[in-house]
Amino acid sequence: MSSTSGALPQPRRGRPGPWPPAPPPQPQAQPLSWAKRTGFQSRVSGESLPSASAPNSGQVPLPRPAERPSDLESGPPARPSSTLPAPPAAAGNGERQHPPAPPPQARTRRRDSEGGRPNGQAAAPPLPRLQEEEEEEAPERPAHVKYELRDTPGMLPLVVYGFQHYISMVGSIILIPLVMVPAMGGSADDMAAVVSTVLLVTGMTTLLHMFVGTRLPLVQGPSFVYLAPALAIINSPEFFGLNDNNFKHIMKHLQGAIIIGGAFQVGLGYTGLMSLFLRLINPVVVSPTIAAVGLSFFSYGFTKIGTCIEMGILQLLMVVIFALYLRKIKLFGYRVFLIYAVPLGIGITWAVAFVLTATGVYSYKGCDANIPASNNISAFCRKHVLRMKSCRVDTSHALRSSPWFRFPYPLQWGTPVFSWKMGLVMCVVSVIASVDSVGSYHASSLFVATRPPTSGVVSRGIGVEGVSTVLAGLWGTGVGSATITENVHTIAVTKMGSRRAVGFGAILLVLLSIIGKVGAFIASIPDVMVAALLCFMWAMLCALGLSNLRYSATGSSRNSIIVGLALFLSLSVPSYFQQYGVHPSVNSSVPTYFQAYIVASHGPVHTGSGGVNYVLNTILSLNMVIAFLVALILDNTVPGGRQERGLYVWSEAEAAKRESAFIKDYELPFKIGRPFRYFETAVYHR
């Protein structure tokens with residue numbers, strides 16, 4: 001038979017079988033992370049190492065099963081009945097022609113290795129391969145991270161990587177207080193104190209999570225998930241008309257609500273309920289929920305930028321240029337523009353604004369900046385003073401008035417005030433924060449660990465996040481603490497997965513928190529620059545949420561409809577609640593970008609209880625809650641295969657217990673688990 005492209009391969013002559021026997025087993029190597037075993041390249045940041053399959057794009061597709069169903073609605077594909085390749089389809093039938101599948105000996109790489117599927121599912125045994133062809137055609141794949149979970153870098157890499165890990169996430173850590181404190185009526189000194197407190201609590205909770213949480217290299221800090229409900233509480237009807245000490249009065253109510261929400265999350269994690277809840281949480285649920293968190297602040301972003309349009313646009317363009325157009329440029333072996341996009345953008349824009357302020361371009365033109373806008377009789381001065389306060393860099397006096405050293409301490413704002421209705425809102429939000437964290441746990445474990453954690457380890461991490469939220473409430477950060485969503489993006493960009501480097505950076509944050517000038521310097525960032533940075537951060541948060549769909553069948557009409565419906569309703573339903581009963585002349589004292597958070601005073605829910613009205617109107621006006629409920633109900637009721645839904649696969653407790661590499665990744669240090677037998681049971685037997 002002549003050799004043609006469509007002919008089946010023939011067995012070699014002089015051999016007992018069609019294919020030579022498999023090569024002898026090699027000695028077992030040191031366990032590698034999921035990413036190294038499969039050649040996984042992240043799509044989160046758009047940055048990946050070059051490979052033969054994608055030399056120019058910088059992106060490598062995720063490993064996927066060797067056989068994909070032709071119809072994504074049909075669920076997982078059936079296994080072929082024979083290992084021989086199927087003959088090519090006949091030409092002329094209108095279908096795309098594919099080259100014939102290679103014979104088994106030409107398959108030099110396994111599509112599916114242990115954990116090699118996108119969610120870490122177990123794969124079928126590999127087909128026999130020729131040793132000589134494997135040596136010629138299977139070059140070593142590049143590692144995705146430079147340092148994995150248990151790696152110990154030297155002192156210099158420890159300092160460098162620990163510092164840049166937090167610098168790349170600086171926007172998520174420091175920007176929330178810059179939005180909340182002015183909304184609460186706080187001064188520049190109050191803002192500096194809150195920023196210092198956030199740095200301290202972020203460092204403490206990250207160390208706590210690294211030692212007794214999931215032990216993954218995840219930074220714990222103020223979460224955007226808590227920002228919208230915090231703004232809703234700040235704009236509650238009972239706080240209208242406050243004149244004196246309104247900042248501390250509102251902060252004490254926030255502290256009480258945050259402590260209640262954190263205690264609820266502690267119970268969710270340590271009772272094992274989270275292990276049961278994990279069965280309902282999948283990428284199709286996580287994706288629109290996180291994306292809705294970023295989309296919910298669209299009314300704040302450009303509305304605030306418009307107060308000083310040139311500085312806001314410049315700030316936004318700087319970050320976009322550094323993060324996108326210059327992302328592949330390396331200096332000293334580092335992608336400095338991508339890693340430091342936010343601080344570089346702040347520095348350049350701030351320098352330009354400083355020059356314009358010092359040279360008199362930004363001047364008050366004879367208007368008195370100390371007169372309140374409501375008392376200014378000149379229409380020109382009212383508008384011009386507000387614009388200059390947004391453009392100039394000398395409007396904050398926090399840097400001059402703040403002390404050099406300040407020690408944040410618990411209950412520094414006073415005794416928390418506990419309100420059941422505000423606490424119940426935070427309990428619901430803590431569930432959303434847990435869903436956000438579950439996606440981060442799974443994605444980060446595929447980068448840096450030998451296998452995903454068990455459901456017990458996930459529950460342990462959620463419990464520690466609840467403890468962290470209680471600490472945030474006691475210290476008074478204004479929002480709860482959770483795993484910052486940008487962790488996965490940061491690990492992908494910096495290639496640093498060592499928890500020791502993350503722990504070193506957390507210690508640096510604790511030290512910086514006691515230097516009062518650091519918090520004052522951050523607090524002096526102009527509002528318009530903060531708004532521009534938040535536009536970028538919220539857009540990236542939305543993109544990171546949608547990136548969870550890479551674990552599912554993204555071409556499935558089922559998944560597309562669920563995600564699309566969840567996102568649309570997450571914008572439409574809260575809009576109905578926020579606009580219900582609102583008249584243009586009512587609540588004019590509240591800025592337009594905060595109008596969405598006064599829904600508790602005019603929402604459509606009217607029952608015999610004012611507290612019930614408050615809870616339902618507030619919860620149903622939160623975009624992320626609507627997205628979560630819609631996606632959760634549809635994903636768990638609409639039929640779909642496991643592969644199509646992309647179910648998260650967590651490690652089995654019994655199998656993980658026998659694997660030494662897994663125990664070293666996730667076991668508690670210093671044998672902490674011994675005094676807590678139930679705790680050990682939660683880790684290994686959930």
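Note: Cβ is positioned from N, Cα and C throughout, glycine not excepted.
Residues annotated as region 'Disordered' in TrEMBL: 1-146.
Per TrEMBL, the feature compositional bias 'Low complexity' maps to 1-11.
What TrEMBL records for 17-28 is compositional bias 'Pro residues'.
Residues or ranges marked as compositional bias 'Polar residues' in TrEMBL: 39-59.
Look at TrEMBL and you will find 158-179 (among others) tagged as transmembrane segment. When Cβ-Cβ distances below 8 Å are used as the criterion, the transmembrane segment (158-179) is approached by residues 147, 191, 194-195, 198-199, 202, 217, 219, 221-222, 224, 227, 231, 300, 334, 339-340, 342-343, 477-479, 484-487, 490, 493-494, 496, 498, 500-505, 508-509, 522-523, 525, 527, 530, 533-534, 536-537 of the same chain, each at least six residues removed from its ends.
Same-chain residues lying 6+ beyond the ends of the transmembrane segment (191-212) with a Cβ under 8 Å from its Cβ atoms: 173-174, 176-178, 180-182, 218-222, 398, 402, 406, 408, 412, 460-461, 464-465, 467-468, 471-472, 475-478, 481, 483, 499, 502-503, 505-510, 512-516, 518-520, 522-523, 668-669, 672. Per TrEMBL, the feature transmembrane segment maps to 191-212 (among others).
Panel annotation: around the transmembrane segment (224-242), residues 172, 176, 179-180, 183-185, 249-250, 253-254, 257-258, 293-294, 296-297, 422, 425-426, 429, 432-433, 436, 478-480, 482, 485, 537-538, 541, 589-590, 594, 597-601, 614, 618, 621-624 of the same chain, lying at least six beyond its termini, place a Cβ under 8 Å from a Cβ of the stretch. The transmembrane segment annotation in TrEMBL covers 224-242 (among others).
TrEMBL lists 254-273 (among others) with the feature transmembrane segment.
Residues 224-225, 227-228, 432, 435-436, 438-439, 485, 534, 538-552, 559, 562-563, 566-567, 570-571, 574, 622-624, 626-628, 630-632, 635-636, 645-648 of the same chain sit 6 or more residues outside the transmembrane segment (280-298) yet have a Cβ under 8 Å from a Cβ within it. What TrEMBL lists as transmembrane segment is 280-298 (among others).
What TrEMBL records for 304-325 (among others) is transmembrane segment.
The transmembrane segment annotation in TrEMBL covers 337-356 (among others).
The annotation transmembrane segment is assigned in TrEMBL to 417-435 (among others).
The feature transmembrane segment is assigned by TrEMBL to 501-522 (among others).
Under the heading transmembrane segment, TrEMBL lists 528-549 (among others).
Taken from TrEMBL, the feature transmembrane segment covers 561-577 (among others). The list of residues near the transmembrane segment (561-577) in space but at least 6 beyond its ends in sequence, with Cβ under 8 angstroms from a Cβ of it, reads 284, 287-289, 291-292, 295-296, 546, 549, 596, 599, 603-604, 617, 620-624, 626-628, 630-631, 634-635, 638.
Under the heading transmembrane segment, TrEMBL lists 614-634 (among others).
With a threshold of 8 Å between CB atoms, the same-chain residues lying at least 6 positions outside the transmembrane segment (417-435) that come near it are 223, 225-226, 229, 232-233, 236, 252-262, 264-265, 268-269, 274, 277, 281, 285-286, 289-290, 293, 462, 465-466, 469, 480, 482, 611, 614-615, 618-619, 622, 624-625, 628.
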